[in-house]
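Colleague: Mind looking over this structure? Questions follow.
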2 protein chains.
Amino acid sequence: MDESLGEIGEFGLIAELTKLFPQGEHVLVGPGDDAAVLRVRTGHVVVSTDMMVEGRHFRRDWAPAADIGHRAAAANLSDINAMGGRATSLTVALAAPADLPVSWALEFAKGFADEAGLVGASVVGGDLTQADQVVVAVTVIGVCTVSPVLRSGAQVGDVVALAGRQGWAAGGLAVLGRGFRSPRVLVEAYRRPEPPYDAGGIAAEAGATAMIDVSDGLVADAGHVATASGVAIDLHRAAFEIPEPLHAVGAALGADPLQFILGGGDDHALLATFPDVASVPDGWLVVGGVGDGEGVTVDGDAFEGPSGWTHF
Amino acid sequence: MDESLGEIGEFGLIAELTKLFPQGEHVLVGPGDDAAVLRVRTGHVVVSTDMMVEGRHFRRDWAPAADIGHRAAAANLSDINAMGGRATSLTVALAAPADLPVSWALEFAKGFADEAGLVGASVVGGDLTQADQVVVAVTVIGVCTVSPVLRSGAQVGDVVALAGRQGWAAGGLAVLGRGFRSPRVLVEAYRRPEPPYDAGGIAAEAGATAMIDVSDGLVADAGHVATASGVAIDLHRAAFEIPEPLHAVGAALGADPLQFILGGGDDHALLATFPDVASVPDGWLVVGGVGDGEGVTVDGDAFEGPSGWTHF
């Protein structure tokens with residue numbers, strides 16, 4: 001379709017979009033009424049929301065629409081993962097200029113729904129309106145079968161562990177920012193992250209004391225856990241495995257590849273604390289420890305690289 | 001505070017904002033973690049989302065920030081009202097230029113939280129980011145104690161009834177659009193709607209067969225019910241009570257005041273269908289009937305005025 005949003009109109013596009021969103025068994029009423037209706041069993045419902053702005057969180061010339069859809073869903077599903085929960089439902093609101101091609105919106109929606117499908121979540125509602133920039137707002141709802149794992153539970157003596165790829169997306173972003181398209185594996189990691197969706201629930205079952213989705217940057221998010229828990233976290237350089245493509249990008253850009261790992265945030269890895277090494281589940285890498293005090297250090301020293309992303 | 005968002009920073013403002021959001025008993029974890037945690041009893045959870053864009057859904061020069069906050073919350077709470085449910089939790093995402101005054105964001109948040117408080121709902125999460133325009137995305141979560149009332153249940157022979165003020169906000173908007181500030185009661189109705197929050201649950205208990213929040217315009221939203229239910233709806237001009245200030249605005253602008261009622265949508269009135277006049281609860285005004293066929297007529301004829309608002 002080469003039509004624009006202005007040509008197809010709000011209701012026309014909504015009709016096309018909703019065809020792309022299969023509804024799970026727990027969805028009693030999907031998109032199209034004043035509200036969606038979900039069947040919920042007694043327990044803990046977890047809710048999170050995120051907003052992505054064109055030119056700030058994504059660029060239409062850097063990634064296909066489907067990948068931007070995957071990323072938008074992944075960022076939100078990952079927040080439920082970080083509570084130890086399972087996402088069941090998402091809403092997505094899209095603001096866009098009238099000249100946005102309908103095909104972009106449909107490809108975005110397809111990528112979004114496909115990512116949601118990875119964890120069995122349904123897109124149950126949304127909104128569509130006009131704005132100068134593309135803005136996407138997503139809310140995700142999930143359930144926890146065990147107690148949700150908060151940021152505030154880390155204890156002195158805990159070990160710090162990481163699940164999922166970390167630094168790959170930051171490497172890809174650095175490459176794209178300089179006008180390159182390779183190493184392709186890093187660019188793909190940025191365009192379409194692969195969050196470790198099973199890791200959150202497994203960590204919760206294993207007794208994780210605190211957990212967070214790495215989205216602001218590893219050191220920054222470790223800092224959020226340290227602050228919320230009233231503890232200090234030390235990360236150990238030697239613990240990280242630096243993948244070959246990050247070595248290559250580091251050499252090409254004259255950067256320490258560990259900076260991508262310590263400062264990057266777009267992979268949606270999980271960072272958690274556990275009472276001891278024995279309780280760290282398979283698939284998690286021990287990368288540090290929890291001590292008395294405050295803030296985050298790397299091998300005992302302050303981190304000198306970019307510590308994370310702020311929006312103002 | 002005369003600081004801008006760029007000066008106070010994302011985390012600084014979030015800390016200020018969360019102080020404005022009291023948390024209800026059903027909120028186990030409020031803003032500040034990867035997700036909020038809600039206690040839910042087995043039943044029907046209803047979810048809706050809306051996005052408002054500066055210059056399109058609101059103008060900062062037409063209403064104080066607190067009023068825009070009230071309106072943003074009201075629009076979403078009203079969607080839960082239209083299901084016959086009770087809103088319990090909201091998330092709000094705000095994108096804004098870096099030069100937006102912090103005081104605007106705080107006043108907006110205060111108005112938003114105050115409106116949520118009218119129904120006992122808590123603001124449990126949010127996001128804050130930078131964009132060229134102010135964009136607000138809200139998701140509301142509620143519960144239904146009886147079966148949710150959908151748009152699709154209207155039956156031939158039902159009566160159509162309306163709860164809440166209708167047309168007042170459209171009159172206020174027409175006045176503001178021409179640079180006037182009075183009649184003040186209409187301008188206030190636009191700036192701070194007063195949705196009939198008790199009416200939805202009462203209608204559900206009374207056996208409403210279909211219900212919708214009037215947000216696109218009365219005729220347009222009656223059309224959504226007609227289409228979803230596979231019926232025709234006829235509205236009766238004589239049934240509507242035209243308030244004095246709408247007569248005044250109609251005379252001043254050379255418009256039929258009934259146009260504001262039939263075409264307007266910002267009051268968040270509820271439109272519902274009931275099996276007969278006897279089942280229509282107090283506080284609801286019978287304004288039409290349901291028949292065989294499709295679409296909406298007014299006294300049997302097509303409606304010639306503006307039928308509603310579309311975003312592209």
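Each residue, glycine too, has its Cβ placed from N, Cα and C.
Bear in mind that TrEMBL entries carry predicted annotations, made automatically and left uncurated.
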Colleague: Which single residue out of A:SER48, A:SER89 does TrEMBL record at the Mg(2+) 4 site shared with A:ASP34, A:ASP79?
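Modeller: So the Mg(2+) 4 site in TrEMBL includes A:ASP34, A:ASP79 plus, from the candidates A:SER48, A:SER89, A:SER48.
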Colleague: Roughly how many Å separate the Cα of A:ARG151 (ATP binding site) from that of A:ASP213 (Mg(2+) 3 binding site), to the nearest whole number?
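Modeller: Rounded to a whole number, the Cα-Cα distance is 10 Å.
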Colleague: Suppose we draw a 10 Å sphere around the Cβ of A:HIS57 (substrate binding site). How many other Cβ atoms does it contain, all chains included?
Modeller: 22
Colleague: Run a quick check on A:ASP79, A:GLY126, A:ASP266: which of these binding-site residues have any Cβ-Cβ distance to chain B under 8 Å?
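Modeller: Contact set vs B: A:ASP79, A:GLY126.
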Colleague: Of all the binding-site residues given, A:ASP213, A:ASP216, which has the fewest Cβ neighbours within 10 Å once its own Cβ is left out?
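Modeller: So among A:ASP213, A:ASP216, the binding-site residues given, the one with the fewest Cβ atoms within 10 Å is A:ASP216.
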Colleague: So which binding-site residues out of A:THR49, A:ASP50, A:ASP79, A:GLY126, A:ASP266 end up within 10 angstroms of A:ASP216 (Mg(2+) 5 binding site), measuring C-alpha to C-alpha?
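Modeller: Near A:ASP216 (Mg(2+) 5 binding site) by Cα: A:ASP266.
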Colleague: By CA-CA distance, flag whichever of A:ASP34, A:HIS57, A:ASP79, A:GLY126, A:SER215 among the binding-site residues is nearest to A:THR49 (Mg(2+) 1 binding site).
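Modeller: Closest candidate to A:THR49 (Mg(2+) 1 binding site), judged by Cα separation, is A:ASP79.
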Colleague: What does DSSP say about A:ASP127 (Mg(2+) 1 binding site): helix, strand or coil?
Modeller: strand
Colleague: How far apart, in angstrom, are the most distant Cα atoms among the ATP-binding residues A:GLY126, A:ASP127, A:ARG151, A:SER215?
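Modeller: 31 Å is the greatest Cα spacing among the residues binding ATP.
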